[in-house]
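Asker: Sending over a structure as structure tokens; questions will come in a sec.
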Amino acid sequence: MIELNVTFDYEQMPMHFILQVAKAQRVAVVGESGAGKSTLLNLIAGFDLATSGQILLNEVDYTFAEVADRPVSMLFQENNVFPHLTVEQNIGLALVPRLHLTPQQQQAVKKIAGQMGIAELLLRRADQLSGGQKQRVALARTLLQDKPILLLDEPFSALDPIRRNELQQLVLEICRQRQLTLLMVTHQFSESEALFDRVIHIEQGRIVADQLL
């Protein structure tokens, strides 16, 4: 679960977020560009630190904790797949910062790759992949971290509608299987509404609407 009440002194627009998200809830985060959607996710993940207030994740205070210490995994629009590495190596970075995996870690990589539909690509270099395949690799790496809170910041916006729908269905299945708490920034809410059970709308650094679906 997520519970926060924080301020963030952004240069052009001071922000104040108050939000509670139950365990396993799937929340869409919508709003105009620059409204503060990504900042909200960055505060939860620890990439931005709150000016004041508190962030509780699964009832533990992580307000000023390091990114790596938080029970959160996050995927951005830019997939950050390393082109010179294989798919297996890219996914394995979720487990170890080096390129040598133990047999047990290799099995974990194969399992998540199978769930993402990219098992046959494990030995292929990332620079030989399509955009949709790269995003599947990035999503697999994110999910392999096995954190209870999943944050997605417009991860599929660069893909065509068919590829977006495929990956959104994968996210829905994984979230249900693992009972993950999901916050996802999206500009294609009408296409992805079935993925969520709640939507929040952000304007000028504040949540101005909150609706169950």
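Note that Cβ sites are derived from N, Cα and C of the backbone, with glycine treated the same way.
Copying in the features that Swiss-Prot gives for the protein in this structure:
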| type | residues | note |
| --- | --- | --- |
| DOMAIN | 1-212 | domain 'ABC transporter' |
| BINDING | GLY31, GLU32, SER33, GLY34, ALA35, GLY36, LYS37, SER38 | ATP binding site |
Asker: By Cβ count within 10 Å, point out the most packed of the binding-site residues listed: SER33, ALA35, GLY36.
Answerer: GLY36
Asker: Which whole number is the mean pLDDT over the domain 'ABC transporter' (1-212)?
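Answerer: 92, rounded to a whole number.
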Asker: Let's check the environment of GLY31 (ATP binding site): how many other CB atoms sit within 10 Å of its CB?
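Answerer: Neighbour count, Cβ to Cβ under the 10 Å cut-off: 21.
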Asker: Rank the binding-site residues GLY34, SER38 by how many other Cβ atoms lie within 10 Å of each Cβ and give me the one with the fewest.
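Answerer: Comparing Cβ neighbours within 10 Å for the binding-site residues GLY34, SER38, GLY34 has the fewest.
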Asker: In the same chain, which residues outside the set GLY31, GLU32, SER33, GLY34, ALA35, GLY36, LYS37, SER38 have their CB within 8 A of the centroid of the CB atoms that define the ATP site?
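Answerer: Leaving out the recorded residues gives THR39, ILE202.
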Asker: Return one of helix, strand or coil for SER38 (ATP binding site), based on DSSP.
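Answerer: Reduced to three states, the DSSP call for SER38 (ATP binding site) is helix.
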Asker: Compile a sequence-ordered list of residues in the same chain as GLU32 (ATP binding site), six or more apart from it, whose Cβ lies below 8 A from its Cβ; state 'none' when nothing qualifies.
Answerer: GLU203
